[in-house]
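Engineer: Take this structure, written in structure tokens, and hold onto it; I'll ask about it next.
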Amino acid sequence: MESILALLLALALVPYQLSRGQSFQVNPPESEVAVAMGTSLQITCSMSCDEGVARVHWRGLDTSLGSVQTLPGSSILSVRGMLSDTGTPVCVGSCGSRSFQHSVKILVYAFPDQLVVSPEFLVPGQDQVVSCTAHNIWPADPNSLSFALLLGEQRLEGAQALEPEQEEEIQEAEGTPLFRMTQRWRLPSLGTPAPPALHCQVTMQLPKLVLTHRKEIPVLQSQTSPKPPNTTSAEPYILTSSSTAEAVSTGLNITTLPSAPPYPKLSPRTLSSEGPCRPKIHQDLEAGWELLCEASCGPGVTVRWTLAPGDLATYHKREAGAQAWLSVLPPGPMVEGWFQCRQDPGGEVTNLYVPGQVTPNSSSTVVLWIGSLVLGLLALVFLAYRLWKCYRPGPRPDTSSCTHL
């Protein structure tokens, strides 16, 4: 019985004897690490060995650029916050006949506070579609990125989410395939009284890290709202603003991102605030119905049309760097509604409200013209008949009545 107990005790001490003097550590110890693009992170792998010097090295990444520094008993992997750092490197350590390994999944992400909402304010009592776009993001995965339209701290009930859209951003440097993702909602009636504002909230969920950005969409109130422009006026209604942007990071690594100043107070006619360089929209009345968007913000700036009443594809567009033209196809009367132009890089937008013009109905014009022509012909026939009756051949009639013609 004593021999059996001694054998069991010896077997229980085997793991302790094997691991004695062999400490394998990785810092940070997580198996998944999220790194913001442009930031750096060092992952240290070390091992102690009583039988000499432990051999430790990283494998699975390109080490030709000096991203790995190997020392006796340790190896340091430097992550530079580039998309090429994404992957799963493995640290391997050996001491005598014993070997250990630890894999780390590295995810490089980009989620700047660059939310753009359209329209920039909401008008109660109108059918509206609101869009929210997150720019320069990575990864552009619906499983990682989610959108929400909030009233207060709750999701807006009755808002119909449309299909999200994803496009690749135009980058100055190659090798950084960032994307923009847009979510649109068809809004229900905002009710009376209308809420002061809605919020677009975008959340990126990563391993042990949750990032959130939020942007305000003000709702115009009757006492401070700009009145809709008179449809008979030719003066357009211009809106430029820098809306509130709010960013909060939650999770195991808690970080608070900077937020922008509060939304400027609405004025009875325009809404504007000092901010970055923005595009400007001009209406060319001499060239017929045509809008010109241009930006004087230095070289490398491009502008494009992003919103128009109806379908933007039905308009004629010409884009040339910092200038973009928009006109109706086929040429016709002014279209009433909001037009939006966007500037890249930067994502700044400018909106222009164009009032409709009252044009005569073409069918009514044709009917009036035909009616006038018929009346003229009838008058001519009557005059010809009277002249023929007065001066026809035969017995000379009494022409006293003809003098009244």
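Glycine is treated like the rest: Cβ placed from N, Cα and C.
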Engineer: In Swiss-Prot's disulfide listing, CYS45 is paired with one of CYS49, CYS91. Which one?
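Structural biologist: Checking Swiss-Prot: disulfide partner of CYS45 resolves to CYS91.
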Engineer: When you check Swiss-Prot, which of CYS95, CYS200 turns out to share a disulphide bond with CYS132?
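Structural biologist: So the cysteine paired with CYS132 in Swiss-Prot is CYS200.
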Engineer: So what pLDDT does the topological domain 'Extracellular' (22-364) average out to?
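Structural biologist: Averaging the confidence scores along the topological domain 'Extracellular' (22-364) gives 76.
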Engineer: DSSP-wise, what's the residue breakdown of the domain 'Ig-like 2' (110-227) into helix, strand and coil?
Structural biologist: 0 helix, 60 strand, 58 coil
